[in-house]
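Copied over from TrEMBL, here are the features:
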type	residues	note
DOMAIN	107-430	domain 'PDEase'
BINDING	His187, His223, Asp224, Asp333	Zn(2+) 1 binding site
BINDING	Asp224	Zn(2+) 2 binding site
COMPBIAS	440-457	compositional bias 'Acidic residues'
Amino acid sequence: MKTLGTCLLPSHWLAVHELLSRWLNVLFNGQADGRLNTGHAGVLLAERRGSYPLIDLHILKISAQQGEVESGTRRKVKRLLSFQRYCHASRLLRGLVPHTPESLHLLDDDYLGQAAHMLSKVGTWNFDIFLFDRLTNGNSLVTLMCHLFNVYGLIHHFELDMVKLHRFLGMVQEDYHSQNPYHNAVHAADVTQAMYCYLKEPRLAEHLSPLDVFLGLMAAAAHDVDHPGVNQPFLIKTRHHLASLYQNTSVLESHHWRSTVGMLRESGLLSHLPADISQDIEQQLGSLILATDISRQNEFLSTFREHLDNQDLDLQLPSHRHFILQIALKCADVCNPCRVWELSRQWSERVCEEFYRQGELERKFDLEISPLCNQQTDSVPAIQIGFISYIVEPLFEEWHRFTEPSLLSQTVTGHLHKNKARWSRLRYAHTPSDMQTNPDAEEPEPEGGGGEGDDIP
């Protein structure tokens, strides 16, 4: 990078940026106009980057927002044109990919050692995804997925082309909106890391096939791709085209799935497989991603509870393994309150910030403010207590039963109860801001297992 930067004269920058812009557009989008290739067999429709603009500008009659969209586009182009991405992409394009499974192709040399050390502990529950994202220069999702595919031998098993794999993962990472406080590529990496921990659970791990692992990791990485930063009710009441397309049902999840299918076809990652197999993979990915729709929580929870009560789960059956993968992905998607407090609190503040931004949009354009989106009445502690009580605790109680319970499950449950108690105290405290900055001052750590520093295999 340093050599490349010093050999370019200022007069060359404009020409270089123009060339890189054209070249990267083809590299990341497949075609100059970004359309999908049509040579792939199958009838499933696919889409890419379909959520922009975030809201229907004609309906809301807001011209001011157009500048924000353009600004976000400029930032995205700037990231694409960075010389680091150019060097990595050009190296891949020439086929100069390291052959050792342990190689981390996308890391700067200065951070390689630290990031590699973190990856050696990627299966521990206290893994700090925020630190890992900084060490990988914002490439946490791509780097994590490449590592886990190597760990499980998926590249060899499915005979994946490394260039196509990197291209697909790069598209997934880029299609997350970095301006979202919560639904961004770091969240996707965090869910993927949690999914990896669940895939290692003894009750499940011994029954998993390579296809199960492939589907679980892929669904985790892409489950929120191209999330617009607003929820489904907002899309419905603003008559967004996605709400019309999916008839107001699982709107975001359907879009995440179809976008993933679009990127799979555009990258050609599965093009070497028979059409029926690639279509089956696309459908199973859809089943997993659609399971993350929070409105279907009771449906999955009651089925899961019934299986456990009847003790009739047979993980030798592909259908039962797929159902458990759905539950595992749901757990991974909402596991933030189960993390150590330092990480859990950051995620809580981020998701509430995203809620509040939606609320401000709704207030600005005289729309009814959605539940949990009013910063004046909905505090972070209150939102988290409700989320834990009605969504997270019931789900993880059943997951705890399923794991029989495992050491990881015990630790996860311990963090969950402890974090809920902290949020309760913060809710009723007279000086919540002081307590947030020094939360450890009010509650000593419990002795024994389940502490925040434990490395759970």
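Numbering starts at 1 and runs along the chain as displayed.
Even glycines carry a Cβ here, placed using N, Cα and C.
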Least surrounded among the binding-site residues, given as Asp224, Asp333, when other CB atoms within 10 Å are counted: Asp333
Candidate with sparsest Cβ neighbourhood (10 Å radius) among His187, His223, the listed binding-site residues: His187
Mean of the pLDDT scores, which run from 0 to 100, over the domain 'PDEase' (107-430): 96
Zn(2+) 1 site shell beyond His187, His223, Asp224, Asp333, criterion: Cβ within 8 Å of Cβ centroid: His183, Ala188, Val191, Ala220, His227, Thr292
